[in-house]
Amino acid sequence: MRRMLEVAADAGSSAAAAAANGAVDWWRDVNESPVWQDRIFHVLAALYGFVSAIALVQLIRIECRVPEYGWTTQKVFHFLNFLVNGVRSIVFVLRRNVQLIHPEILQHVLLDMPGLAFFTTYALLVLFWAEIYYQARAMSTDGLRPTFYWINAVIYAIQIILWMVLWWKPVRVMIILSKMFFAGVSLFAAFGFLLYGGRLFLMLQRFPVESKGRRKKLQEVGYVTTICFTCFLIRCVMMCLNAFDKAADLDVLNHPILNFFYYLLVEILPSALVLFILRKLPPKRGITQYHPIH
């Protein structure tokens, strides 16, 4: 009986090992297959194109609804979403060609610049919430917008300097430094959503008047804060892994599965969900007073 149990245990271990080896082999086969690489990158391109189209349609709907207010924060947010996702879509359609571009620094620019623009897009949402919070508490908002511009200018300037140094001296330590800087930017964005999204959520929660509009706004702020905080935190962790572990490198063709789940979780799904949650159009002029924040 004891011998039979030992044989059964050995058989079970062998089956588990075989299954694990099969999964590893499948992962490696997909990663190393040019056909699967192209399929996965084209799926990413299609998903980005879909999100870009949604943002463009929503932008057109908002412009038709309130054309007299010019470029409001809401319109700029949707335009940037259209731009970022559209560029990502084009890059993934041409992903194999992008890998052949020389000098190599141009590859880093094409792959990283949309990520910086993604940060700016959602930092704009943090700015919008900060302005609402400060206005509701009768505090001055004069310094918020200049601070937003300065933060973005400094981040883009540092990234451009890192690219130039990497072009001049393409050593491993500069690549690590660039990726860690991107991780820091993502952590900063996550903190911004937690700070101002959390403040606005708590303020709405303490609002004395119970209404359907208040409940919807509370849910909207809560959902968007959670989604954006999570996606930027995941991006931060992945950038740290990407910097030090070659197996987690996102800038190569032979990691298509990793690329698919990374971009799906940190950009495509968050963008699609936020656009869906913020789909409500501003009221028509004459029905209620609409105050755009310029």
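A Cβ is built for glycine as well, from the same backbone N, Cα and C atoms used for every other residue.
Just so you know, TrEMBL annotations are computer predictions that nobody has curated.
If you look up TrEMBL, you'll see 24-294 marked as domain 'THH1/TOM1/TOM3'.
For the transmembrane segment (46-64), the list of distant contacts is 72, 74-75, 78-79, 81-86, 88-89, 92, 263-264, 267-268, 271-272, 275, 279, 281-282: same-chain residues at least six beyond its ends, Cβ to Cβ under 8 Å. Sequence annotations record features per position, and here TrEMBL assigns transmembrane segment to 46-64 (among others).
Taken from TrEMBL, the feature transmembrane segment applies to 115-136 (among others).
Sequence annotations record features per position, and here TrEMBL assigns transmembrane segment to 148-168 (among others).
Long-range contacts of the transmembrane segment (180-202) within its own chain (CB-CB distance under 8 A, at least 6 residues past either end) are made by residues 112, 115-116, 119, 122-123, 126, 129-130, 132-133, 155, 158-159, 162, 218, 221-222, 224-225, 228-229, 232-233, 235-237, 239-240, 243. Per TrEMBL, transmembrane segment is recorded for 180-202 (among others).
Annotation comment: TrEMBL describes 223-244 (among others) as transmembrane segment.
The transmembrane segment annotation in TrEMBL covers 260-278 (among others). Listed as Cβ neighbours of the transmembrane segment (260-278) (distance under 8 Å, sequence separation of 6 or more from its ends, same chain) are residues 40, 43-44, 47-48, 50-51, 54-55, 58, 74, 77-78, 81, 84-85, 88, 118, 122, 125, 220, 223-224, 227-228, 230-232, 234-235, 238, 250.
Within its own chain, the transmembrane segment (115-136) is flanked in space by residues 73-74, 76-77, 80-81, 83-84, 87, 144-145, 148, 151-152, 155-156, 159, 182, 185-186, 189, 192-193, 196-197, 199-200, 203, 221, 224, 228, 232, 235, 267, 274, 293, which lie at least six positions past its ends and keep a Cβ under 8 Å from the stretch.
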